[in-house]
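The domain 'HTH myb-type' annotation in Swiss-Prot covers 1-61 and rests on sequence analysis. Residues annotated as DNA-binding region in Swiss-Prot, with sequence analysis given as evidence: 28-57. Here Swiss-Prot flags 122-190 as domain 'H15'. The feature coiled coil is assigned by Swiss-Prot to 229-277.
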Amino acid sequence: MGAPKQRWTSEEEAALRAGVARHGVGNWRMILNDPELSSTLRYRSNVDLKDKWRNMNVIVTSSSTRDRGRTSTRRTRAAPKNNDQLLAMSTITSEVDDEIVDVKPIVSMSVEGWNTSNSKKSHSRLDNIIMEAIKNLNEPTGSHRTTIANYIEEQYWPPSDFDHLLSAKLKYLATSGKLLKVNRKYRIAPSLLEDVQREPLKLGSDASRTLTRSQVDAELVRMATMTVEAAAAAAAHAVAEAEAIMAEAEAAAREAEAAEAEARAAQAFAEAAVLTLKNRNAAKLV
């Protein structure tokens, strides 16, 4: 286990804000290498900066009564104006920094539209994202799971259990014949490759859309100028979306496990059939 992460200091938060103002959202490595900021942020990584910036700009309300009570108290305060608005947002989010839920949605969707049929569509979109990664990587011998994961993480905001979800999806796609797995590398099946090249992947629909990192960063900047009430409402919606993504991940894992069980049963049946045939041939020879 690594060393426990230290709580962010006010100097580090100020340095992060200055770095974002100077280099822009998403340029975490440039911020860490900035001569004026590197000494203050020397104990922080790219991921630390990304997560902290997201937490500083999104207020997430938990389901406990205590948190709801605290949120209600904040909402009774007069809404700040102009520049005081951003300062109030930063102060409040700093107070609840340790209680903020790590929300990293890979797909944004309306909660009302989340049902069984939409769950199947979401699975299809995740399949397409994996297909897109393998197609764009275009490696002759196929792409390793780590390479696929890195590509998706660069293009989208994956959920916290992304590794488990990706492994389950790759196993399911390989079992169903959509992907070929050779030496731990994945390639698109030849029968599907022509369809993928002929028809562009459609990752969105009327009920949902896939957000890239740049779009998410732009959304966070927009949320920084919201009132406390509007930001709290948006954060609550983000929590609901994250819960929907978790439900999707669990369903995908169950689907992959079911497919694996079917494959094992089919293999056992085939082995039993071969053994029966051998026994019959042996009996005839006797």
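Cβ atoms are placed via backbone N, Cα and C, with glycine included.
Taken as a whole, the coiled coil (229-277) shows an average pLDDT of 75 in this prediction.
Secondary structure of the domain 'H15' (122-190) per DSSP (helix as H, G, I; strand as E, B; remaining residues coil): 42 helix, 11 strand, 16 coil.
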